[in-house]
Amino acid sequence: MEMLQGLLLLMLLSMGGTWASKEPLRPRCRPINATLAVEKEGCPVCITVNTTICAGYCPTMTRVLQSVLPPLPQVVCTYRDVRFESIWLPGCPRGVDPVVSYAVALSCHCGLCRRSTSDCGGPKDHPLTCDHPQLPGLLFL
């Protein structure tokens, strides 16, 4: 009888999280709001823009016997559908194109990171800040 009670208790405890909330414990991969610093070499200003980026949890696995078997591909939260918007930087000298484009995430998914189009993570040497004086982002095209 004690074994049956223990099994029932284990089942109830393991299902408790599903009753408490329908949301996952970790936020899944999805578009989120973000503020980016936009600047261009040759232009004396930096403008912040509000956009959406892909962020969130993607389930991954790793092998226990890594030396025997090849590594499993690791997935990251990355863009599925994206559009590009442009902003005009004031004060750029003649000969420097003042238009800068940036991505706006429309939808995201868990997939392999494409280094050709994405920052695949890892530690950063410096925070994402401006090198030039900052202006509010008011100059959209």
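Here the Cβ of each residue, glycine as well, is placed from N, Cα and C on the backbone.
Remember, it's a predicted structure, so these values are computed and weren't measured experimentally.
Swiss-Prot names the disulfide partner of CYS92 among CYS29, CYS43 as CYS43. Ranking the disulfide-bonded residues CYS29, CYS58, CYS92, CYS113, CYS120 by Cα distance from ASN50 (N-linked glycosylation site) puts CYS29 first.
For CYS92 (disulfide bond), the same-chain residues lying six or more positions away in sequence with a CB closer than 8 A to its CB are LYS40, GLY42, CYS43, PRO44, PRO98. A 10 Å cutoff on Cβ-Cβ distances gives CYS108 (disulfide bond) a total of 23 other Cβ atoms nearby, all chains included.
In the set CYS46, CYS108, CYS113, CYS120, CYS130, none of the disulfide-bonded residues has a C-alpha within 10 Å of the C-alpha of CYS58 (disulfide bond).
Working note on the disulfide-bonded residues CYS77, CYS113: by count of other C-beta atoms within 10 Å of each C-beta, CYS77 ranks first.
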